[in-house]
């Protein structure tokens with residue numbers, strides 16, 4: 001193995017028994033047909049489990065919706081990309097020439113996906129206890145900074161943070177109708193989310209309120225919240 005990959009292992013805190021798993025986790029789909037997408041899928045599931053378990057133990061009084069919102073903040077793409085940059089992960093990615101020229105090694109989504117793939121690779125290489133220890137070590141600072149106050153954000157913010165944690169495009173809001181006299185109007189807004197087949201809707205005395213209602217409905221439709229939190 002090259003000296004640069006040995007340095008990466010030291011930064012990750014894990015020495016791979018199966019070096020092929022590490023190389024596969026660093027291989028973007030633009031580089032080869034055998035790439036890190038399956039490992040990313042596995043790593044995403046493991047990350048959500050490990051983060052969820054840690055939050056469950058850390059916040060025994062939190063409701064389901066609060067835990068979901070805390071987890072969305074903890075595992076969002078921005079956080080993962082920041083960790084990846086701390087590991088200099090972009091220097092080790094195997095990218096196709098097009099992605100290299102366009103700066104793919106700096107792109108947040110590619111870095112976050114590669115880190116999730118490495119989580120999947122560490123799980124296959126060493127098991128759940130080891131990957132849990134590594135992930136919790138990486139996220140220790142973020143975990144320590146979380147409080148239940150972080151769950152009091154408005155629905156639009158919570159929806160945006162959830163979608164960012166999944167590297168999805170942001171929701172789009174559109175006023176579809178305004179009814180009533182100028183001094184007593186009711187705004188009707190639709191919210192479009194790429195992960196949902198159907199739009200969600202909200203109404204209120206202002207556009208802002210209607211958008212918040214539509215965002216709350218989207219969170220319920222996505223299964224992130226149950227509407228009673």
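Cβ atoms here come from the backbone N, Cα and C positions, even for glycine.
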Residue in 40, 53, 181 which Swiss-Prot records at the Mg(2+) site where 113, 116 also bind: 40
Helix, strand and coil residues within the domain 'DRBM' (154-224) as assigned by DSSP: 26 helix, 20 strand, 25 coil
Lowest local Cβ density (other Cβ within 10 Å) among binding-site residues: 40, 113: 40
Candidate with sparsest Cβ neighbourhood (10 Å radius) among 44, 116, the listed recorded positions: 44
Rounded Cα separation (Å) that holds between residue 116 (Mg(2+) binding site) and residue 44 (active site): 6
